[in-house]
Amino acid sequence: MKFGKTFETHLTIEWRQQYMRYTDLKTMIRRGVDGAPTGEGGATDADISAYYIAFEEQFFTECMHELTRVNNFFLEKLAEARRKHATLKLQLLASARAPGHTFSSYSLQSSQRLPSMVSLRDNNSGSNRKLMTQRQLRNAYSEFYLTLVLLQNFQSLNETGFRKICKKYDKYLRSTSGNDWLEQNVNPAAFTDQRPLEKLIIDVEELYTYYLAGGDRSRAMTKLRVPPLGQPTPPRMVFRAGLALGMFIMLACTTIFSYIRRPPEEKNIEAFIRLYRGPFTWVIFNFFMAANVAGWQRAGVNHVLIFEIDPRSHLQPATFLEIACTFGLLWTLSILGFLFHDLINVQDPFVFPLALTLIMITLLINPLPIMNWPARWWTMRLVGRVVTAPLHYVRFADFWMGDQMNSLVTCMADHYYIVRFYAICWLRYANVIFCFDEDMFVPISRCLPAWFRFAQCLRRFRDSGSKSVSYLLNAGKYSTTFFVVFFSTMRGRTDDGYANTFSNPYTWFFILSYIISTIYCYAWDVIKDFGIFKIWRGEHLFLREKLVYPQAFYYFVIVENLVLRCFWAVELVVLYHKLITPYNIKTCASILEITRRFIWNYIRLENEHLYNCGKFRATRDIHLASLNAQQERMLENMMGETDGTDPGGSSTRHADERRRLAKEYF
């Protein structure tokens, strides 16, 4: 692989603007060589010499500009890392010495390694500041170690980039000026000195080993180690996903053929649709999630950071695909059992939907450390935070999950029908059609996702110090759902008393509320969630300055989002003319809404990713307990000690003293 491709593949996306512009410099060299005057064109030796002198001055001026930007950014991040390291060390030792905090005896003995910190317990006991727990310290050190690794990668890529671009300059222009400039400017630069960063990394490894891993270095490195950059999906994972996908496609075709040739009894068709539509929604949702993750990775959108997932244990697209296919296999097998229950001597076909639901729930909540337990636990915690929205600080992942649940509202209502059917109707009545009539809890279940997001917006408004009106406007958007559900319910309850549905005043209230909700939600999508309609002339008309995806995709999303949001009008007309049964049109509406949300996810996360890039945020935030004045002075002293360098060292180092990128990068 050429270095230019390697450079783009391994750089930290959120810091892209701070890396040297290797490709631009390489293009500049080629254009300089191609545009050079020649003797055949009538140029004299003096003209040729003057051209190359001017080009050399221009090229190395540009290189110096790149070097200054890279060096300044590195020094800024290094200073930030030193302060975080010193603050974490203070918190670690204070927690280790504080009474009532459970640290291993090994780590307490090892705290004597830093005698300058003996008075830390007294300093901390004099203040009423809350200490970080051992778990919080582990998470903070794990994230801080990732920051150091990314900064080390920033060092290596830029140093190698400058070395290669200077070598390329000498090769194309048959000169030694590139090597001379490298020795005079790059080698003495601060960002090429690996020692300060290596010292921080070693110190973090030792502190984590002694204080947080009981002296077990292998255990410590398991928690700290970061996966190699650009690591491909393991072949066995791809094989499993491909095998599951092939089996699902085969069984899905068999299921469709079987349903056509041997449909359920007429009295059981509505029950069949209701009981299987909810699980099918989860199958589709997981397929879309696999496509979302693959698309984010391909476009360079760092979804792992946005969702604040540990980069050491996040799921690959192949894993999402395997999960979707596994659920799909269970769904198709259950349907085949329902259709052929009499042939396998099962009297009651409704055993199969129940088994499917219980198996899917068990696979999700099973507490055993198998089948991607960290991801399942993260999902369950996230759903729990959404359900108890007003009680927690709202992060991006929280309101993202709330938005997904708003698109799964039909699925949630279907699961309520499943619970009600098996709790009340099953085994009690021969005719089960009436078991799927709407009761008072159905509109409540349709309002719950909107309520979760409504409560989250109010909580964010409260946490912002009641300063951001946009949170209240966002809450107003979700409140429109309450009116839509209310008028829809009243319309359904009173339609029988009118000649047709348009004679019912609640129908017009329903249409008006849905029009307001559609306009409100669409405007919020394109302006706030997508961040577009910021440019009204020029190349990016109706879009914004920075785009990650092809420009045509944004115009497609603008139209697609509006069309799918207006599908309720199509549904209203179809039901009025009785062209399709209500549960079939509702199934189509549910799938289209999930599809709209699937496309929405691409642009929403891209917008958040661009925000992180603007803030140069490449790792999760580390929330540290505040320090008192005396601890701040100790922190400054510790940082001064960290800044000290070996007096015997020289500012110029030989090439073999600097650590290069490992061979697997090239």
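Cβ coordinates are placed from backbone N, Cα and C, and glycine is handled just like the others.
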Seminar exercise, completed: Candidate ranges 49-68, 389-408, 469-488, 529-548; TrEMBL annotation transmembrane segment resolves to 469-488
Exercise. With the ranges 350-371, 438-459 to choose from, which does TrEMBL describe as transmembrane segment?
Worked result: 350-371
Seminar exercise, completed: Averaging pLDDT over all residues of the domain 'EXS' (433-636) gives 90
Seminar exercise, completed: Top stretch by Cβ pairs under 8 Å to the transmembrane segment (320-344) (candidates 238-260, 469-488, 508-527) is 238-260
For this session: For the transmembrane segment (508-527), find every same-chain residue at least 6 residues outside the stretch whose CB is under 8 Å from a CB in it, and list them.
Result: 473-474, 476-477, 480-481, 483-484, 487-488, 490-491, 502, 533, 558, 561-562, 565-566, 568-569, 572, 600
